[in-house]
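Enquirer: The domain 'HTH myb-type' annotation in TrEMBL covers 281-334. Look at TrEMBL and you will find 282-331 tagged as domain 'Myb-like'.
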Amino acid sequence: EAVAADWMLEFACCCLCRHFGEECPAEFRRWRDVAQALINGLSKIPTHQKKTVYLCQLLIRIAKGKNLECHFENDQRISPLESALSFWTLLEREEIKLVKLHEDIRRLIQIQIVAVHMENGYFKEAAEVLERLFTDSESDKPLRVKLATVVKSKDPYVPLLQSFSYNLLISKIKSYIELFVKENESNFLIQAATKQVESKGLGATALQNKTVNVNENDKRNLETKRRFVLSIILLREMLRQMQNCCLNVESSLVWMYINCVLGLNSLQNVEKHGDASACGRRRQRWTYKEDLELKSGIREFGVGNWAKILVHGDFNNRTSVMLKDRWRTLCRIE
């Protein structure tokens, strides 16, 4: 369970970063809930996962940064951005390479904490938050003085706030995300699954039995197949252990397991018909019956729960991504 949660947190963080960067709010919210459930399940944050946890918490708060009715702290005065600043401080402590980018983002968060209050007409609260941000009178004195002047003017459209806008903050966060993902690439799942395979004495035999019709010259395709096979083996073993131990597994996590599998289920088609057939499957026309199954699934589980809809519906070699794309098409048609 610890191994599964470890990898899943990395995966959830990766999904959060991607959907934050692509500005997909529905998918971001979905993975936000998964990441939060995983983080809440940690009794203690492992050292190697600190940056991952801090980044997830940062993005979740930045996404809600303009909503002053949303609270992440027990102190109701603390806005989402002020809470985000505390996690940004923790991230800064974990790395020292990106000094300039760190300073830029810290300054932007501080400015926008004040700006968001002023945009909502909370001038008194803006003054109070300014005091909390700069408890040390000598810390970043020039910025503190400028913000104090802005608060006194009660004008949320002064040049300072316009120059250091919320959009600029989002842009800088995206730049940081790109660097984070690039520097923290992990093959954790493959390594863990390989150990599991070797411990069961399956080794190369399992791969040989599963990866038929593989183009030996296409290393990328081979890697995809290996990821799938090892994921299935690890998944099967984890679920078996969970059942034996009678663990009460969060339902959202179980669906995440299933979604990981279903997201790669094109391997079965590659094995049976080759890569060309898999490409042809993507062009396969949707039937009237499948459309009805999709609509029925959405009524039962709601838009966005594509993995659940896929498992419970009668579809012809579809993936959760295909269901999402088809629903968008149906919405446009109707």
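For all residues, glycine too, the Cβ spot is worked out from N, Cα and C.
TrEMBL labels come from automatic prediction, so no person has curated them.
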Enquirer: What counts of helix, strand and coil residues does DSSP assign across the domain 'HTH myb-type' (281-334)?
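Expert: Secondary-structure composition of the domain 'HTH myb-type' (281-334): 37 helix, 0 strand, 17 coil.
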Enquirer: On the 0 to 100 scale, where does the mean pLDDT of the domain 'Myb-like' (282-331) fall?
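Expert: Across the residues of the domain 'Myb-like' (282-331) the model's pLDDT averages 84 on the 0 to 100 scale.
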